[in-house]
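Undergrad: Handing you a structure now.
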Ligand SMILES: *Cc1c(COP(=O)(O)O)cnc(C)c1O
């Protein structure tokens, strides 16, 4: 019983710091209007930025994919699990972002988490390699850096001078500068052109995690590389396909030799069962929407909602982050107050998650509002009115 008692002590410690997390089963498809444990909620939580997760064309494509390829892949990619559907998707993805790369090729992964582990462990396999990791990077990049044999330096957030100094001082044979393009808890866009210039000067790779940019940034939704008009042989690009693309999985796009190295060496790619081919088939339909007129219309609506949210929100005590993307953080500070704010929104039928450490730095607990093209202007107005009122009225609880 000591074994269990130890675990319960750990869990009680989390509870004492307001750090216990809870899952809420959602009874309906991913959309702004949900049924959650029996009650209707208007949600501002998902990363379904273009509102594609329950799109009828994608539902139809998934059914078609299942009838063509079945449900499971049956094996890993290097055995017999690599379906024609995976191969077609990889070709499409290479073409979709390849205008920004040299000799582009793409590789599809089951999840973004695994893609990040794969990139950093394969490119940073050598003990003589060095990883320069942005301090606000996503947990999956941090874990990938920990798992790599390379040594790791954390670069202070958005500090290009510090990055230049770190690169200048490094004598590593392989240098990897690693960053989120859109920081997932802040919504801020990294200065990728300046980082790339430094990487080119110092012979370093720039590894970009575009989880929140793919589909939403750029005139054609091709993500952060299109947004900034970047093109370089030093780029290694990771985009996720479970957020704006509405389905699941992720991909790495880079020079064909980088991709070949991942296929040969990356354990998170090699030692796992390939994702269901029907998902790849569905993603082809998702790319049609993202890159076409419908995607452009959805991005325009999303950007109008972001502008509306920023204009209507009038905070005096809490801090509204400077984000121009669909991620709009409201930084409250204490874990308890962030949880209370989320609970009071919930009483009004609004679902906004309270994000606490270790997901964000201690003392910066926040409400993380995410907007989607599936929201209406009326729904965003309902949220801003509730937030403005809550911030002003004292909390009796
Ligand atoms: C969501 C996310 C990931 C992980 O992607 P999954 O496909 O959900 O595993 C990686 N990086 C960032 C920045 C993310 O936001």
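Every residue, even glycine, has its Cβ placed from backbone N, Cα and C.
The shown structure was predicted, so the numbers you read here are calculated from the model rather than taken from an experiment.
Annotation source TrEMBL lists substrate binding site at 21, 138, 359. According to TrEMBL, the feature domain 'Aminotransferase class I/classII large' maps to 41-387. Summarising the annotation, TrEMBL assigns pyridoxal 5'-phosphate binding site to 112, 113, 184, 212, 240. Feature annotation from TrEMBL assigns N6-(pyridoxal phosphate)lysine to 243.
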Undergrad: Given the binding-site residues 184, 240, 359, which one's Cβ is surrounded by the fewest other Cβ atoms within 10 Å?
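TA: 359, out of the binding-site residues 184, 240, 359, has the fewest neighbouring Cβ atoms within 10 Å.
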Undergrad: Rounded to a whole number, how many Å is the Cα of residue 243 (N6-(pyridoxal phosphate)lysine) away from the Cα of residue 113 (pyridoxal 5'-phosphate binding site)?
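TA: Just about 13 Å between their Cα atoms.
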Undergrad: Would you list, in sequence order, the binding-site residues among 21, 138, 359 whose CA lies within 10 Å of the CA of residue 113 (pyridoxal 5'-phosphate binding site)?
TA: 138
Undergrad: Among all chains shown, work out which of the recorded positions 21, 243 has the most CB atoms within 10 A of its CB.
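TA: Counting Cβ neighbours within 10 Å, the top one is 243.
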Undergrad: Using a 10 Å radius around each Cβ and all protein chains in view, which of these binding-site residues has the most neighbours: 138, 212?
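TA: Counting Cβ neighbours within 10 Å, the top one is 212.
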Undergrad: What's the CA to CA span in angstrom from residue 138 (substrate binding site) over to residue 184 (pyridoxal 5'-phosphate binding site)?
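TA: Rounded to the nearest whole number, the Cα-Cα distance is 7 Å.
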Undergrad: Provide the number of Cβ atoms within 10 Å of the Cβ of residue 112 (pyridoxal 5'-phosphate binding site), excluding the reference atom itself.
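TA: I get 26 for this one.
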Undergrad: Is residue 240 (pyridoxal 5'-phosphate binding site) helix, strand or coil when read with DSSP?
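TA: Its secondary structure by DSSP: strand.
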Undergrad: Within 10 Å of the Cβ of residue 113 (pyridoxal 5'-phosphate binding site), how many other Cβ atoms are there?
TA: 19
Undergrad: Going by C-alpha distance, which of the binding-site residues 112, 184, 212, 240 is nearest to residue 359 (substrate binding site)?
TA: 184
Undergrad: State, in Å as a whole number, the widest CA to CA span among the substrate-binding residues 21, 138, 359 given in the record.
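TA: Value for the max Cα separation, rounded to a whole number: 18 Å.
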Undergrad: Given the binding-site residues 184, 212, 240, which one's Cα is the least distant from that of residue 21 (substrate binding site)?
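TA: Considering only the listed binding-site residues, the nearest one is 184.
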